[in-house]
Each structure stands twice: as C-alpha cells, then as structure tokens.
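Trainee: I am attaching a structure below and will ask some questions about it afterwards.
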Amino acid sequence: MARIAGVDLPRDKRVEIGLTYIYGIGLSRAQEIIAATGVNPDTRVKDLSDADVTALRGEIESNYQVEGDLRRLESLNIKRLVDIGTYRGRRHRMGLPVRGQRTRTNARTRRGRRQTVAGKKKAPGK
C-alpha cells in the first residue's frame, strides 16, 4: 500500500483517483502531479514501483500544501478574519453562512439542527 503525505492510498484504485484521497488534492491537481512525474494515470496503486511512489511523494511535498499543513493554513486564515473583526470573521464566529447566502430559510447545514421552541398551551376546551 502506497503511503503519501501520511495517507494510505487505496490499493485497487487507479493512481489518478487514489491521489484524491489526500486532503488538498482533487482530480485536476492529481492529473497535474501525474503529468509532472510521468506516471501512467491508468496504473493501479498496487502496481506502482517504489520509484514511482518516491517521485509522486517528492512532487507533492515540494510543490503542494496538503493534509495537516493545509488544514492549519485554513484555520489560521479564518482566525485572522475573526481577530481583525471583518464581516466574514463575524459570520464564522456566529456559525452563519459567510458568502452572502440567505438565512431566513435554508442554511441548515451551517446553522445546525432546529432548536425546538415551546409553543403556547391550548386552553382547556369546555
């Protein structure tokens, strides 16, 4: 099993798809990496030679921020927005949509589940 950037790539998938299991690498970036290293994209991960794995690992580590470094960078960017008090920072802090989406309805993913509110009790019928 090939281990790149701390992630075990699935053995039976094509290299192109296997690389997308690394946080920060999507399909187009995986294709760029494969083109730069000269690895055949149709090769299965289990069929990669040690030289291929080393080439892929070197390309990713030298030219891309992935996994923990990328997560840390994103959290620092959000923290910076919160600290300087921008509108986007306030939205992050309040747990609301940041990019101008409506909140009167929808936005359930960002706001979380509905909070139930106790309704008025019905008066006993006569």
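Cβ coordinates come from backbone N, Cα and C, glycine included.
So Swiss-Prot lists these for the protein:
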REGION    92-126  region 'Disordered'
COMPBIAS  101-126  compositional bias 'Basic residues'
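Thinking about packing and proximity, how do these listed features fit into the structure?
Mentor: Listed by sequence, the residues of this chain that lie at least six past the ends of the region 'Disordered' (92-126) yet keep a Cβ under 8 A from its Cβ atoms are 78, 81-82.
Residue counts of the compositional bias 'Basic residues' (101-126) by helix, strand and coil are 4 helix, 0 strand, 22 coil (DSSP-based).
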